[in-house]
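J.: Annotation source TrEMBL lists domain 'Transglutaminase-like' at 323-416. Taken from TrEMBL, the feature active site covers Cys331, His390, Asp413. As annotated by TrEMBL, Ca(2+) binding site applies to Asn453, Asp455, Glu503, Glu508.
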Amino acid sequence: MGKLDCVRNRCDCCPGFRAKFRPSQDLQLNAWPKPQGADEVDKTTLSEEPVKEDILIIRSIDPCIEENGSNHFTDKYDLMQRKIEPQLVVRRGQPFKIILRLNRKYDHEKDGISFIFTADDEDKTSYGQKTLIAAPLLKKPDKTFIWNTVLDHETESSLHVNILTDPEAVIGKWKLDVDTKKIDGGAYCYCWETAIYLLFNPWCKKDRVYLNSEEWRDEAVLNDTGIIWRGTFNRLKPVIWKYDQFDSNILDCSLYVLHYVGKIRGVKRSDPVQVTRGLAAAVNSADDGGVVMGNWSEDFDEGTPPTEWIGSKEILRRFYKKKKPVKFGQCWVFSGVLTTICRSLGLPTRTITNYSSAHDTQGSLTVDYFLNEEGDLIEDLNSDSVWTFHVWNEVWMCRSDVDEKFDGWQAIDATPQEQSEEKYQVGPASVTAIKHGDVLKPYDNAFVFAEVNADKVYWRYTGPTQPLKLLRKDTNAIGKLICTKAPGLYERLDITHIYKHAEKTLKERHTMLKALQQSKNIFARYYLNEDFNDIHFEFILKDDIKIGDPFSVNLMMTNKSKSNDYTVNVLLRVDVVNYTGNIGETVQKRNFDVVVKADSLHEVSLEVNYFEYAKKLMDQSTFKILCFATVKDTNFDYYAEDDFRVRKPDIKFEIPEAITEGKESIIGVSIENSLPVPMRRGEFTISAPGFDKPLKIRVKSAVPPREKAMVKFSFIPPKKGIYSLAAKFICREMDDCDGYQVISVQYSRVEMNGNAD
């Protein structure tokens, strides 16, 4: 057995002294006397015999927090900023520095030093699972070692050591023991109480999550605030979301979710494919007691309504404290929390919104609706649905499990919709594969393909013995807009083109056909209605209506015939609907029998006022507008529908001219009452830099129509930088009102006499 092997394996066969030292807990492994210089060892537990050996003793280890934090882009982590017992957060595949403080000068000829790294949360560590690593101190890197510990330089009483981890290392919390041994003598072990948190490294070219774009690294890894788009395709609703991936307990909670909930352990934690798939399952509570419990009802009495969350921090802290699912979430909450966890672990992640998102339950790549003669959906026949919007995530990685052409952004989704491999999880699904119709590639590509590119087909059902009549086949209704936050800007970035070819192009239809040919459940494709072009229908809906205002639904009918009049029966209907496509109460409907004269235009309209829709609104304040028209004596039917949202008033901020670090700033927050009735029991929820948890401020009195609810709050920004203020407002008459403001915090300049400017 060589001298390095003996140290690395902690062999007890060697004669002489061997002891283990922890700064807060001294441990003597045998009765040998204290070695010279081991002053930290408890004197009462050692004999007073003369020192037999001058073993090299490590007195302490300096984690070089500032230098490592800057080099590894980890200086924002709360673990690194702690004044008491900071922990070391670094990224794999990139050297980090530590300084060993010694009792004497290191003797290259007689002293052996070995570093033992152990994955802290693994019950059984092993070399095979990459959870136990031994590395001797070397003068230069050696490719035969998985990890390298290399002497950079030395002084009389210290060693400056660079530690280079494997770019395929297991991510997580590691502990370090340093063994020192004198040749043909005793050994000593220093157990370092500072933990090493090892993360994925998008800056390292050999890491599978390497991302070449600096602006996307800054956005998808380091940005702790984002925007999630909700609303409808014709009335987008940007909502601020605080990811807070660097805050206290967030990294520890993320690792707990990965290991104990997602069951991703051992060498699997080195693979971004396995990690992201496990996290997609672990963030929802559907089958494993994960972080967030979904709720798509209107009853949130036992928890927090999804629209009231302002970010991930409070959710993750609650979960980490009680180890029970947090109530409640919907798709943007699942996505926001998943973004936080992924970014905290070093995975480049962005939040994606898909408008008019198909939920294909049969794997047919079509969304089929069956209606009766009144235009009502027949619930027993309908299992597919279209969500007004759906939010998921993308993570950047190399797909070494399939083919390099599928590298890049991968879709993952924690919202529990359909099971995949007996768990509610989606992805990672290559966005490139989705665009090109490769739906059989892992994981869940067919499901995501349908979400963005399914065909929407409407059938009229008149009984079990009657043939179905195809009312309409819409190839452009799904995936109307796919977007994310632009890097470095609080603006929307349209990424529809990376998921699909442009609608109505040959490439798009070819891709759809290719995908259908791969599906095991190909739904029959039929032709559209009989050819009838005399009457042109145009469904018109104003798309900028504030809540409280009336709105109208209009159908324009143009008779192109120069000689024929036509009688048309029209049904216009307005239903409330939630964003997942579930229809609630009917607000208003009306039938029209009209004659459209030859070569003329005829309009019918349906008017809806606030008092008709106010008490029936569901989440997101969204309506389903439906038009069903039959041209008599022609066997022609026209069907159209659209989603429509009344816009909530925006929260406004009054910001002082200058905001300075360490100084109190007073901010005004207001919202106008757009309703024709007073707003009662109003409450603002506010997040600002330096707040450990959101601040809640009640509005003292009712707010009359067209007047403003106003409050003020103060905060002390901890340091210079660009931050965001976020606020939500709820009252008895209205909820889900949002606002945000980006602010710049300046340095606090102090003159020589100590007085601030």
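Quick reminder: no glycine exception, Cβ is built from N, Cα and C everywhere.
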J.: Averaged over the domain 'Transglutaminase-like' (323-416), what pLDDT does the predicted model reach?
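T.: Averaged over the domain 'Transglutaminase-like' (323-416), the predicted model reaches a pLDDT of 92.
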J.: Which residue, out of the recorded positions Asp413, Asp455, Glu508, shows the minimum number of other Cβ atoms inside 10 Å of its Cβ in this structure?
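T.: Counting other Cβ atoms within 10 Å of each of the recorded positions Asp413, Asp455, Glu508, the minimum falls on Glu508.
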J.: Provide, as an integer number of angstrom, the distance between the C-alpha atoms of Asp455 (Ca(2+) binding site) and Asp413 (active site).
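T.: Between the Cα atoms of Asp455 (Ca(2+) binding site) and Asp413 (active site), the distance comes to 22 Å.
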J.: On a C-alpha basis, identify the one among Cys331, Asn453, Glu508 that is nearest to Asp413 (active site); the candidates are the recorded positions.
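T.: Checked the recorded positions Cys331, Asn453, Glu508; minimum Cα distance to Asp413 (active site) goes to Cys331.
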J.: Pop the Cα-Cα gap between Cys331 (active site) and His390 (active site) into the table, whole Å please.
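T.: Cα-Cα, rounded: 6 Å.
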J.: Given the binding-site residues Asn453, Glu503, Glu508, which one's Cα is the least distant from that of Cys331 (active site)?
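T.: Nearest in space to Cys331 (active site), counting only the binding-site residues, is Asn453.
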J.: Do any residues at least six apart in sequence from Glu503 (Ca(2+) binding site), in the same chain, have a Cβ closer than 8 Å to its Cβ, and if so which, in order?
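T.: Listed in sequence order, they are Thr475, Asn476.
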J.: Within 10 angstroms of the C-beta of Asn453 (Ca(2+) binding site), what count of other C-beta atoms is obtained when all protein chains are considered?
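T.: There are 24 such Cβ atoms around Asn453 (Ca(2+) binding site).
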J.: Mind giving me a neighbour count for His390 (active site)? Other Cβ atoms within 10 Å of its Cβ, every protein chain shown.
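T.: His390 (active site): 26 neighbouring Cβ atoms within 10 Å.
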J.: When you average the Cβ positions of Asn453, Asp455, Glu503, Glu508 for the Ca(2+) site, which other residues in that chain have a Cβ within 8 Å of that mean position?
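T.: Not counting the recorded site residues, we get Ala454, Thr475, Asn476, Ile478, Gly479, Lys500, His501, Arg509, Thr511, Met512.
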J.: Among all protein chains shown, how many Cβ atoms are found within 10 Å of the Cβ of Cys331 (active site), not counting that one?
T.: 27
